[in-house]
Every structure is written in structure tokens, then in C-alpha cells.
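Asker: Sharing the feature lines straight out of Swiss-Prot:
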REGION    1-392  region '3-dehydroquinate synthase'
BINDING   43-45, 78-81, 109-111, D114, 134-135, K156, 174-177, N185  NAD(+) binding site
BINDING   R125, D141, K147, N157, 189-192, K258, 272-276, H279, H295, K364  7-phospho-2-dehydro-3-deoxy-D-arabino-heptonate binding site
ACT_SITE  E268  active site, proton acceptor
ACT_SITE  H283  active site, proton acceptor
REGION    405-871  region 'EPSP synthase'
ACT_SITE  C853  active site, for EPSP synthase activity
REGION    890-1080  region 'Shikimate kinase'
BINDING   G895, M896, R897, A898, A899, G900, K901, T902  ATP binding site
REGION    1081-1293  region '3-dehydroquinase'
ACT_SITE  H1198  active site, proton acceptor
ACT_SITE  K1227  active site, schiff-base intermediate with substrate
REGION    1306-1588  region 'Shikimate dehydrogenase'
Amino acid sequence: MVQLAKVPILGNDIIHVGYNIHDHLVETIIKHCPSSTYVICNDTNLSKVPYYQQLVLEFKASLPEGSRLLTYVVKPGETSKSRETKAQLEDYLLVEGCTRDTVMVAIGGGVIGDMIGFVASTFMRGVRVVQVPTSLLAMVDSSIGGKTAIDTPLGKNFIGAFWQPKFVLVDIKWLETLAKREFINGMAEVIKTACIWNADEFTRLESNASLFLNVVNGAKNVKVTNQLTNEIDEISNTDIEAMLDHTYKLVLESIKVKAEVVSSDERESSLRNLLNFGHSIGHAYEAILTPQALHGECVSIGMVKEAELSRYFGILSPTQVARLSKILVAYGLPVSPDEKWFKELTLHKKTPLDILLKKMSIDKKNEGSKKKVVILESIGKCYGDSAQFVSDEDLRFILTDETLVYPFKDIPADQQKVVIPPGSKSISNRALILAALGEGQCKIKNLLHSDDTKHMLTAVHELKGATISWEDNGETVVVEGHGGSTLSACADPLYLGNAGTASRFLTSLAALVNSTPSQKYIVLTGNARMQQRPIAPLVDSLRANGTKIEYLNNEGSLPIKVYTDSVFKGGRIELAATVSSQYVSSILMCAPYAEEPVTLALVGGKPISKLYVDMTIKMMEKFGINVETSTTEPYTYYIPKGHYINPSEYVIESDASSATYPLAFAAMTGTTVTVPNIGFESLQGDARFARDVLKPMGCKITQTATSTTVSGPPVGTLKPLKHVDMEPMTDAFLTACVVAAISHDSDPNSANTTTIEGIANQRVKECNRILAMATELAKFGVKTTELPDGIQVHGLNSIKDLKVPSDSSGPVGVCTYDDHRVAMSFSLLAGMVNSQNERDEVATPVRILERHCTGKTWPGWWDVLHSELGAKLDGAEPLECTSKKNSKKSVVIIGMRAAGKTTISKWCASALGYKLVDLDELFEQQHNNQSVKQFVVENGWEKFREEETRIFKEVIQNYGDDGYVFSTGGGIVESAESRKALKDFASSGGYVLHLHRDIEETIVFLQSDPSRPAYVEEIREVWNRREGWYKECSNFSFFAPHCSAETEFQALRRSFSKYIATITGVREIEIPSGRSAFVCLTFDDLTEQTENLTPICYGCEAVEVRVDHLANYSADFVSKQLSILRKATDSIPIIFTVRTKKQGGNFPDEEFKTLRELYDIALKNGVEFLDLELTLPTDIQYEVINKRGNTKIIGSHHDFQGLYSWDDAEWENRFNQALTLDVDVVKFVGTAVNFEDNLRLEHFRDTHKNKPLIAVNMTSKGSISRVLNNVLTPVTSDLLPNSAAPGQLTVAQINKMYTSMGGIEPKELFVVGKPIGHSRSPILHNTGYEILGLPHKFDKFETESAQLVKEKLLDGNKNFGGAAVTIPLKLDIMQYMDELTDAAKIIGAVNTVIPLGNKKFKGDNTDWLGIRNALINNGVPEYVGHTAGLVIGAGGTSRAALYALHSLGCKKIFIINRTTSKLKPLIESLPSEFNIIGIESTKSIEEIKEHVGVAVSCVPADKPLDDELLSKLERFLVKGAHAAFVPTLLEAAYKPSVTPVMTISQDKYQWHVVPGSQMLVHQGVAQFEKWTGFKAPFKAIFDAVTKE
């Protein structure tokens, strides 16, 4: 058991640390703080903890006579740390008669400690306070040092005081009930204090990390009985005693550091700001990522960034940065904001560079505008005794993954530098394998600290191959080898990132691993690129030798499963080694442990990179095993049985491949660089680079046995290398390429060509490096030629010819392909661009993407380039053009035969303006036009599936980001490889859309279709097998019912077009900004309600599907309901709601599996809104938020029981929870017990305006709250069987009540012009007003005088609400408008007058909307970019028609007219981007290649068509036959109902025709919505206008 410890601070032993010290706690307070009143303050969460209850009871029992104990409980969370809570507590203390001798006891985390401490500092001008911290963060940080504060709306901790507590009583036992994430969160501060002050404690923390995480991850929820209330509570419970000694020490040591620092600098003038290590950057992240990210998590990221800043300055060694990063990860903390789990936790919030810097400028350490950061010198020590000044330039570099390399202009020619690259990756990985297999202790020095070796060390540890520890402040790794005897299978897959070396070496090592009782295999896996890299030759050899290995994904690549109950037999092993020498080294190193001596024969041709094989053999010799090379058989080795004996020390040579970069820097800049620990005795082939490549190019080389010095010639005088075989140093070819790019000679016939061969293996490295170099060099203006096993680089004649990589939109980044060697090579060439320009000339830097990929072999490369070699670097926000946008991500459509894939694929391509490829047709093209059916007959289904998969992977690889729609065969999901490709595409942001329909109808259809290859089995069986696969592979889903009539078909097309536009983000989902409503459906099945759905939705911006009311929750049924609703309501936005029973609905409270499935259906169906209850489990909430795509989330909370008044903290906490989840809309529903509840609600609404808020009260007493709610008020309809909640009103009822309260002023609106006797406008508008309960009146004002309109209406009618303008006033009225919309300006006429207030008016034109919306409503897609348009006539309406067709995206618009002379002035008066072409002769129409699919007739309808105009029209109508949709003509005239143009278009050319009455109604509806702000009841209005 641990001892009670006392830690002095400011000269007093007031910090007490122990375990289970409640007796001591009570005794200390009562004995040393005598008082008449003790006040224990805590939050409601702590009240549930039995240890707290025990403490309170004991405190009461121990009170001396004359003393009393008060308890005050607040709501948990940061929101309680406010002025309001402070005032409430102070009022309570005053009411209770507390005086100056009061002792406040703050029991809780940082919120309680900060707030109660501040109350104590001000109450009665200061009373005593005792801090009893219960969270790890509070124990080691906030309770120590006397800082107290509350938050304000403008920021955290802005109001407070330094008020030292009388005691800080730290009882480790409180941590038993601390939630896992909070526990880990507190470790950030613990690690920080060790990092800045106590190296020994840091080392101790390192060695206990796995114990800590195992215990904390083992926390369980337990039910306990509350000793104070007898209620049953559920709390978290961690077995602290399992790591008591470790926990006690980490708390105590961290407190000691903070106490010592505070004692030296109480008011934070200098030394105390060292405690802010990690906080300058961490706080900036926290400001953006709060409240999703916790303080400690952001400080953890900040510590890594600030440590990298120190390394960038050349102060902190790379090893120390690696140690810090590793320990943070080991304790479960994030080290980058881009970690997948952390991004999901923070809801994928972005952390823009400019915002981070802005947040960093608000830091108490700063001096004015100068930023200060704590700089680490080594683990346990800071640089200086306070924070240091840093520039924004350096911070930008550290905070981003995109680097700007400026020209190497200011580097003196006589510069001489010594650079020591990190340890060799090749030697490091080999040394770790050999030492782990060896016996005894081996101290490995200069080990490369990189991603690769980190994965290798982790694997050796997980497989229990050796005991690993660190010395020399982490610079030396100590491997205690166990001779291979302890190697044991681990349950978790070994993740190796993109570490090719580690993956190859560990594959053979896996063959030596022993099974455990519970584990008979191990799995090796890696990132996406690692899962493409080859490993087959090695696996084939091991399999042939008795090791059982399975591929888990792609044949020939990771992930693999290696069975540990098979044996590594030994004997003769044949291995193909033409792809990678690592296969050879892998078997060589493990061969001594085979059952028999090994003869390893390399077959299939000359092995690649034989020098690396020689390296392995030499290293094996150092560890005690001698390999014999055959004298009779080429490329054959004999390896005896035996055990490695570890040397006591092994020093890793620096990486020769990495050394090529500083040496090439010297060559390119004409300076001198020495690498002091690589010479001609090196084990590594790349050590030849200076001698074999740079020397013949013109450099001076000095090489000893152990060092290499390169002095470059004058800048611009490097010579090309006619030919070099780089097979001994293949990794260095990339460096050679960038040197060759600026090499030239005087021979005019040479083309400055450098030829590099022997590097075929570089195509299967981290990327295809030969292709990568060719692609990226081209961006600099350097030409290359790819060779079968190499590359030719054609150098530029002058360095001045180097270009800044750019395209038509400006500079672009150099892609690094997540490959460290590509990044480092181009960092050199980037600095040469513009390096020879005049010194004062402003130069554009070159942008390098993904700079962090150099972490694989040289994490500190950029630091060396900057601090050692003198390069100027900066960081930058990713370019918009370089970030991956989903706007052009292709769409893959999957589904059963006869699901409508062919038709809907065409619609999809048309709606998005994408290209369409039918994969079955592509298959036939690639197989000599042989049909799929014939191919299957001749070759079988299996062969067809292989070909289908190949083609699919090919098109996705080549065109997945280029805006295509791929229609697939129904069986594409039958192949596991295709399924993986589909899922990979979906996870990369692509759209995989599952199209489905009623299976019964599909079966009937398929059985009658002879054109398709026959199914071998029953269709239903096929569906049952594939259904799960379709769902698994798709990220979107659309239910497409069979259509029996053309109107249904058009409705489905409109529905699909809006759906695809929504899920791809083309159509933005808007949250209404003004008064708006949604209707709540309560049907159990919508199938029989289709006729009523439109009128039910009148006046609403959205419709809510109460899924909990539906008859069943199956995926098909729910999808079908959504489809019915979309078709019936013309895709009014859907709110998808599953209301649980405890929130007032029908859905079972604990059916979380079904609930998840329903939310998945909603998101795949692209619903516009999803209602997410704030009482649901957090993991469900985060899952939905992270998968929401373009769907808006409504965070809802309902109080059906009326438990909470609107001034209760419950609503405040729920609102903050909604902010934490970053929902789009908050919906709160309370219960009005009395009328005053509505007033309290309005106060809440008025003080919570930072998110759209729906807030209403239920019951009839709450009706007024529904009237006063602004955004998306839930309403019912007279056509519904019942309302969804007590007190719901209809839209009309709300509007009438709001009018009676003065909320809506009655307006008078008019149609103006002459003649208007037959105008349908009054009927149109008054019908809408009546249905929606609006108080307005629409009448006629007949006149030919615009002046009279101004006098009588604009100026003379104080209730004027707007005017519909008709002939002859559309032009005359414009002079009286204060503003004109773009439409009115371009069309040149006003048909709508909108009052702006203060006697100001805006002129608009809705004729174009009437035309556009009438066309869309009749099946024309919203985007018709692949189709041309036609306008007939050149009068006033034709301008609106041209405007409408342009808005639809017509790439060309043809116009014909009886009088052709009128065309030219009309065309010239409109914008050139409309691309209008006037047709003067019939002959010119024959030459038009475009399909014409949409037309508008604007000629008088009461006269026959002119013969020539008719001839032109008919020639255009012929061109509609090939449009991507049913060609459609709109007649602008609405009398007569059928015109000559309509007749000829429909009867002779089968065009779909739209009568003018529809245009009339649509333009009127547009006016209605502009004047009233309400969505018009279209169907009712249309029926009223056209019923005559």
C-alpha cells in the first residue's frame, strides 16, 4: 500500500497525496480549518459515487459542536463554470447565513475547482477553500497553484483570481470512477511535466504505458446503490489497485514538478510559463476543436508540434521527438489532428492554418504581436527558463503538411557543412531482427527512429521476441534477445503502415512464431499502398517449405495470415529474387532456426540489389552465423543451423540512401557537404553514389573508409551522365534524376541526356518511382524517357529554364505519392527553381505535398535542409485545386438485373453532366463485340467474373475521379475482389449507388425477358445471396419502383435527379432562414396515401417521416416509403425521425441495432434531414454525425413529462451537447404546464441564437410557442389521422394566430396592366392565401399608365404588398424601381414588383422561372448540359425563354423567327455566354450536329405558322430523337390550350408538350413565394387557375 506524501508549495506542506485517505481528508479539514460552516460543492455526477457518499456521511459524523455542513450540487460540464452559476451559489451562501469563517470544499474536476475557488476568492472578500480534485487532470494541474476562474461567452477563464487553497487533498481512489477518456486526457499533463522537468519519471512512464492502458481499457460500468438517496446509479469502475504504485507515482511526481515551478513563480511571470509546453499550439487546436476534443488531447498534439518546432531549430534531437510521440501514443493520446479516430471524434472539423495562428496570437505568454512557445532541449529539460519567440513562418511550416521551398538564393558558395543522416533503414531493420532472434543483450546505437523501425519494434514486442528498453535518454535501444524461444502468436493484426522492409522480414519471422493455447496464427497488414506491394515470391518459397500462409485480400500482397502451427522445415529453398532482395534477406536471417540446414537457391535470373544480400550476410556474421556462398551453383547460399549470439553493442551506420540528399545539395548548389560516417567500407551500395554518379557529373569527391565529402562545381555547370548502372544503389536513382535535370553539356547532339538503368525494382516500391519521377519532373519542364529497367532524364540547357510547377489555374504542388524518397529528391530541385534570378526579384516558391512522408527514413530532413543547409521554407494551407473534391467523383451503379440501371444511369449522367459507360458494353468492345451471353456460354461464369473485375478496377483506377457514371452488371458483387474494389472506391469518396426495386415485380419481368443470359438458379435465390453484398458495397441507395404510366416515369426521373444532386452536393440542402414549417406524418404506410401527401405538405418546407409509426422497419419497406414520399411531393425535403418511447415515440428504447440500421438506410437514401435524439448512446450519435454526408442533422430533445422548466440547466446542457455534436439544427420540445412556461421558452430562444433552434411547448397551453417559433415549426394537417404531438397546429392555424397577434400584416397585392379582365392572377394568389391562412388580398388594377401605378399603389397604398405586371407596363414600370434583379436586367422587363420598405421597390422577372420550372416539372432535367435548346420567336417572352434555357445549362441555344432581321439585335443584346445562334436559312440547320431536346415557343398562337418558319421548326424537331431525355416543348401562350406548334411537335415528332397554363402558374407561384416567403400550395393553385 502506498504511503501518504506531503508536497510543499510556496513554503507550506499543503498538498497531500495518498490512496483511500478519506479519514485523513476529513480530519485535516476539521482540525486545520476550524469553522462554523463547511460547504461541500460538487456536480451531480460525483453525487452518484459511493466514495463521495461515504465522505459526506463521515464529514457529518465528525463535525464538532457548533459547526454545520452544507452541500451544494451543480450540473456537470463546462457550462456550469459561469457567472450565472457563481451568482446562484453566492445567493445560496448568503441565504444560508454563511460568514467570513466559511470553508468551501471543492470536490470535483477542473470545472468545480476553478469555479468554487473563484467564489471563495470573492465571497465576503475571500474565504478559505480546500481543493479535493477527483479527475487526473485536476489532481496534477488545475488544483495546484491557486488559479481560479469562470468562463464568459467571449472565452474560457477570462475572469478569475489567484487564490491559494488552504489544502489540496489528493486521493487516488477517486480515479476508480473516472471515465476512460478523461483518465487518458489527464495523462497529457502528466507526460508534459515529466517531459519538461523530470527525465527519470519520463522513462518510468514509458515502461509502464502498456500496464496503464490495459487497466484503463478494462474499466466496466457497475450499478451501485446511493447511500444518500437509495437510488440505483450506474458508474464507471477502473481497477486502480492493479496499477496503484504506477498511478500514485505519476500523480505525485507530476504534482512535485508543478509545485516546484509555482513556488518559484506564483504569478506566472517567467518560469511558470514552462508549464505551458504544448499549450501554445494545443490551445489553438482546442479553440477550434472544442468541445469535441478534450484539453489533454489537444495539448498532446501541441506537444508533438512544439517538439517538432524545436527539432526544426536544430535544438531537440529526432530521437527525443520520436520518444515523446511514442509515449503519447502508448497512453492512448493523439499526436496529430489527422489521426483517423481523432478526426471521427472531432467530427472531421478542419483546422485552417490562418485560424490556428490567429488563436495562437491570443496567448498570455506572448509579448504584443510576438508569439512565444516553450522550446524543449531534451526530455526532462527546456531550452532557457521561459518561452521563446517564434515566427509565423516557422509555425506555418510545423502546422502543415504542405511545404513551400523558396529558391536557394542566399547560400554562400564557400558554405561547408557536416551532416549526419539517421541510421540506415536497411541495417536498422536487420539489426532488430537479428538481435531479437539472438541470445543476450545488445545495445543498438544510431537506430533509425522512423515509421518503419517503429512498426518493427512494435512487432518484435507484440510477438514477445525480445525485451526492449532504452538508454542514453532514448538514443540507445537495448534488446534482450531470447534466442527465438519466446516468439508467440498475438491476437491483434500487426499493422505495418507502408513499411515494405518490415513486412518482408516479418513474413519469414512469422514462420518461427509459436502458437499459444488461444492463438494459432498471426496477421500482417498495412496501409492501402502496402496492400498493393508484391510479396508473392517470398510467400511461395515459404509455402513450399511447409509454412501455411493465406492471402486475406489481394493475391500476392498483404494482408496475410501465417499459421503458427506449421513449421519452417529448411533444406533446399528456391526463391525468385528478381523483384526484391528483401525476400532473400528475410529467409537468410531466419534460416538458422529452421529444422534443417538451409540451401537457399535464387532462381529466375540475376537477383536484384545483390549488395543488400551481401550486407545481410556480413551482419549475420557479426551475430555469429557464417553463410557460405556456393562455388558450384550461381546465387546459392548454405546457412547452418544455429543461434545468433548478440554482440554487446552494435552501431548502425548512417543511411547511405539518405546521405545522397545532402551530398546532391552540395553538387547542385556548388557548396561542400561532408557525411562523416559513410565511406568506401560501407555495407551499403548507395555509398557509391558520390563516386559513381556525382564525380563523373563534375563534383570533387573525397572519400575515406568512413567518410564522404562532396564539393559541387559552380552552379549550372553539372554534366549529364551518359550511362550509369544503378543496380547496386537503386534507391539513389531518384536523387540522380533531380541532379540530372539541371545537368547540361556543350554537345548540341546530346540532348543533355543522363541514362540510368538497373532500377526495375523501383516500380514496386512505395509507389512506381520511375513513373513518379517522370510525372513530377515534367511539371518543372524536364523531359524524360522511360526505359524497360530505367529512365533517361533530358537535362535543361540552363537552370533558369526550370519552371514553377503550374497549370492553367496557377501553381500546383509536387506530388510525393506518400514516398519519402520522392519528397526528399524534389525538395532539392524545388530550391533550384528561380535560384539564379536577381536577388531582389520576388520568386514564387515550389510547393511540396505530404512532407511528413519523409518520416519513414528521415523525419528531420526538412529541419536539416532549413537549419543546417540554409534553405528558406514555409508552410501553406492546401491549395483548393490540390485538395480532393468530390465534385467530380464518379458514380458506380449496382443492383439486380431489371432494377433500372441502364435507364437511371442515363438520367444520372444527364443530371450531373457526367460521361456514361456501360461496363457490359465495354466488356463487349474489349472482346471483339462478343455479347456477355455468348462469352458465358463459351467460357463460363467464373471467367466472365474475372474479366468483369479486371475491367471495373481498370476504369476506377483511370476514371474514378473524372466525372463518369459506370453502369455495372447485376453480378459484379459475386466476386470478392470486385466487392473490395467497390468498397475501396466508396471509402475514397466515390459514389456506389445500389439501385433496387420490389423483388416480386423484378422476378415477373425477368422471367419474360429472353435477351439476357439465363440464370443457373432461381432469381429469388440470387437476390437472397446478393442482397447483403449490395448493401455492404454501396454507400448510397435508391428505390426505383416500376412505373406504369409516363407521368409516373417523369415523376421518378425528377425524384432521382434531385436525389443524385443532393447526395453529390450539387443541390445544397438549405436550412430555412425565415418563418417555416414541416409537417409530421403519422401514417403506418404511405402506399394508400399518395393522393393526400401533396395537400398535406402545403405551406411546408419539409415533411417528417415518423419511422417509429411505420408498419415495419425492414430496409425495403422503409426505402419504399421514402421513394413514395419523394415521388408524391416532388421531392420536398424529408426529415427522417425515429422517436424512441422515452422521447415520446413508438420505437423501443434499447433496440440500438435496428436503430443503427434505420439511420444507415436514411443516410444511404440521402434524406435531407435526420432527427438525432440527444439521449441516445454517444457512439451512435458520433457514428451518424461522421457518416452524415450532405444530410443535415437535427439534434432533438423532448420533455414529455414536463420535468424541466425552460430555466432549468437541463436545456442549457442539452444545447451545449448539441453544439458538441455539431448538429445543424437544435430541436427542443417542452411541456407547458402554465402560460408562463411560454415566456420562459422565449427567453431561452432569445439567448440561444448561435444555431438554428426549433423550440416549442406541447399541450394547448403551449400553442403560442408554436406560433412564435421561427424555423421549421412542426405542424399537423387536417388530412392526417392524428397529430404527432399534443398541441400541434396546422400551417393555416399558426398563420391566423400570428396575424391576430400582429405578426403578419395584411397586404393588398394587384395585377396591373391592360387588358386584365380575364387575368387568372387573383384566383391564383387568393387560393394560396386562403389555404395557408394568410390575411392578404389580391385584386386587379387595370391601367395603361405606369405613372398611375406609382401614384395609386407604390406611393398611395400604405398596405401595398406587391404587383404582378403585365402588358403594356413591363418596360414602363422599370423607371420606378430602386433595384433590379439580374433576371430583370437581362430580360429587359419587369413582371414582379417587390416592396423593400421605406417606399423602395425591387423589380424582378419570374417569366423565366415559369418556363424553367414548367419544363423541369415535365421531366426535363435540372441540368441539360449535353443538349442544345431552341427558342421559336424573337419577341419579349423569347428573352425570358433564352434566360431560362441558359439557366438549365444548354450548351447552345438556337433561335428561329419569321423575321430573321430581328435575330441579330436580340442576340447582341444578351450575354455572349448564352451562346445563342440565330438561324437564317433552312440549309444551315442540316449542318448542326447537336441534339436539341428542349424548346420554347414564343410566337403568337392565334395565327398559323409562316411556311419557312414551320420548315425550320420541323428540321429542329427531328433532332430531338436522340436527346438524353424525352424532348420537351413548352408553349408560352396559354390560349388556346392547344396551339399549332404543340400539335405538330406532339403528333408528328413525338415531342412531349407543355401547355402555357403551366408556365403561367409556375411564374405566379414564384411571385407568391417572393412576396409571402411561404411555399405555395402548387396543386391547389394549378387546379383553381385551370379548372374552367
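Heads up, the Cβ atoms here are built off N, Cα and C, so glycines get one too.
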Asker: Using the Cβ center of G895, M896, R897, A898, A899, G900, K901, T902 as the ATP site position, which other residues in that chain lie within 8 Å, going by their Cβ?
Answerer: G970, L995, R997, T1002
Asker: Have a look at the binding-site residues (R125, H295) and report the one with the fewest Cβ neighbours inside 10 Å.
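Answerer: Sparsest of the binding-site residues R125, H295 by Cβ contacts within 10 Å: R125.
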Asker: With the cut-off set at 10 Å between Cβ atoms, which of these recorded positions ends up with the most neighbours? Options: V111, I191, C853, A898, A899.
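Answerer: Sorting the candidates by Cβ neighbours within 10 Å, the top entry is I191.
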Asker: Kindly assign H295 (7-phospho-2-dehydro-3-deoxy-D-arabino-heptonate binding site) to one of the three DSSP-derived states: helix, strand or coil.
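Answerer: It is helical.
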Asker: Given the recorded positions E268, H283, H295, M896, find the one whose Cα is closest in space to the Cα of D43 (NAD(+) binding site).
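Answerer: If we rank E268, H283, H295, M896 by Cα distance to D43 (NAD(+) binding site), first place goes to H295.
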Asker: Which whole-number value in Å describes the distance between the Cα atoms of S135 (NAD(+) binding site) and H283 (active site, proton acceptor)?
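Answerer: S135 (NAD(+) binding site) to H283 (active site, proton acceptor), Cα-Cα distance: 20 Å.
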Asker: Starting from each candidate's C-beta and looking 10 angstroms out, tell me which of the binding-site residues G895, G900 has the most other C-beta atoms.
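Answerer: It comes out as G895.
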Asker: Just the number: how many Å between the Cα atoms of G900 (ATP binding site) and K1227 (active site, schiff-base intermediate with substrate)?
Answerer: 39
Asker: Quick one: pull the CA-CA distance for R897 (ATP binding site) versus L175 (NAD(+) binding site), whole Å only.
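Answerer: With the alpha carbons as reference points, the distance is 59 Å.
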Asker: Around the C-beta of D43 (NAD(+) binding site), how many further C-beta atoms are within 10 angstroms, looking at every protein chain?
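Answerer: A 10 Å sphere around the Cβ of D43 (NAD(+) binding site) contains 18 other Cβ atoms.
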Asker: Suppose you look only at the region '3-dehydroquinate synthase' (1-392); what would the mean pLDDT be?
Answerer: 94
Asker: For H295 (7-phospho-2-dehydro-3-deoxy-D-arabino-heptonate binding site), which of these recorded positions sit within 10 Å, Cα to Cα: N185, E268, K901, T902, H1198?
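Answerer: Checking each Cα against H295 (7-phospho-2-dehydro-3-deoxy-D-arabino-heptonate binding site), the hits are N185.
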Asker: Among R125, R272, H1198, these being the recorded positions, pick the one whose CA is nearest to that of N185 (NAD(+) binding site).
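Answerer: Result for N185 (NAD(+) binding site): the nearest of the recorded positions is R272.
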Asker: Tell me the Cβ contacts of E268 (active site, proton acceptor) under 8 Å, same chain only and six or more apart in sequence, or just say none.
Answerer: K364
Asker: Sequence gap of 6 or more, C-beta under 8 Å: which same-chain residues meet both conditions with respect to N157 (7-phospho-2-dehydro-3-deoxy-D-arabino-heptonate binding site)?
Answerer: D114, K147, A149, I150, D151
Asker: Which residue among the binding-site residues K81, R272, L275, M896, K901 has the fewest other Cβ atoms within 10 Å of its Cβ, if you could check?
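Answerer: It is R272 that, of the binding-site residues K81, R272, L275, M896, K901, has the fewest other Cβ atoms within 10 Å.
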Asker: Pop the Cα-Cα gap between A898 (ATP binding site) and the residue listed as 'active site, for EPSP synthase activity' into the table, whole Å please.
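Answerer: So the Cα of A898 (ATP binding site) lies 47 Å away from that of the residue listed as 'active site, for EPSP synthase activity'.
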Asker: What residue among the recorded positions R897, H1198 has the most other CB atoms lying within 10 A of its CB?
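Answerer: Within the set of recorded positions, the most crowded position is H1198.
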Asker: Compute the C-alpha separation of K1227 (active site, schiff-base intermediate with substrate) from H1198 (active site, proton acceptor), stating it in Å without decimals.
Answerer: 8
Asker: Between the binding-site residues E78, K81, V111, R125, which lies closest to K901 (ATP binding site), Cα to Cα?
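Answerer: Result: the closest of the binding-site residues to K901 (ATP binding site) is E78.
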Asker: Give me the Cα-Cα distance between H283 (active site, proton acceptor) and H1198 (active site, proton acceptor), rounded to a whole Å.
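Answerer: A Cα-Cα distance of 35 Å.
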